[in-house]
């Protein structure tokens, strides 16, 4: 049995909090968990969840992952705790880190996540912020690795809003040396600091391309990835974004320009006829539900690394 203790007691706030070797270590552990070749016991360990945003896959995958590891999950609903009444983050963090062994947080402001980590004495995990979604990126690259058995020569194209998911794909892609292309409307590009940091990591700067032309971005791509155009908290921008993102739908025409063996990814929920057509979503190229399942296996690996 492998003892996955390389990340013990570290925070995981960003894809940049782990090294290339550590990414591969997590992916390797994830595959072992998926194939039932690894047994880790986190009995008496407690995971605390603080979710300011709604969630299906992230919440459930963390809960199931911790349960399968023998641990317990406490769901701390902000609306039924003192968080809702404005208790300072530093006070909440110092108390919860005496009750819990690890805390996963989904919040709007990345700075709030960093504040929790600053005051917590236990590991803090980014379960999504406005800046990054690093757990999602790990599951994404696990899915890609399962499909192609290697990252060499893989081209990943993300079509849509340069949001938290795109930011984490860029950073994790840089760590793995994967060519990442982002196609988004002008003004909706990924975070500039994320782009600059990725360029520092890439040995070949040409492996990261940001464009406003989806047709160019998908040429020869092995993976086509998209996400909702309007993230949580942007409901008032939906009508405007639907107009701006017209032409950035993954449809059969766009897919035909990619590699003939290309696969389709989406972090869900998906809005058919918006970012992706129903025909493409339901095609044989769909690896979206493998991708969703892999969230659970990655979470098992990550929790094991932090706690075992």
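Including glycine, each Cβ sits where the backbone N, Cα and C put it.
Cross-referencing 181, 287, 295 against the carbamoyl phosphate binding annotation in Swiss-Prot, which names 55, 56, 57, 58, 82, 106, 133, 134, 135, 136, 267, 268, picks out 295. Residue 133 (carbamoyl phosphate binding site) sits 12 Å from residue 231 (L-ornithine binding site), taking the C-alpha atoms as the reference points. For residue 227 (L-ornithine binding site), the nearest of the binding-site residues by C-alpha distance turns out to be 267; the candidates were 82, 135, 267, 295. Around residue 82 (carbamoyl phosphate binding site), the C-beta neighbours below 8 angstroms that are at least 6 residues distant in the chain are 92. Between the CA atoms of residue 231 (L-ornithine binding site) and residue 267 (carbamoyl phosphate binding site) there is a gap of 12 Å, rounded to the nearest whole number. Secondary structure at residue 231 (L-ornithine binding site), taken from DSSP and collapsed to helix, strand or coil, is coil. On its own chain, residue 135 (carbamoyl phosphate binding site) has 12, 58, 125, 126, 127, 128, 295, 298, 299, 302 as residues at least 6 apart in sequence with a Cβ closer than 8 Å to its own Cβ. Of all the Cβ atoms in the protein chains shown, 25 others lie within 10 Å of the Cβ of residue 164 (L-ornithine binding site).
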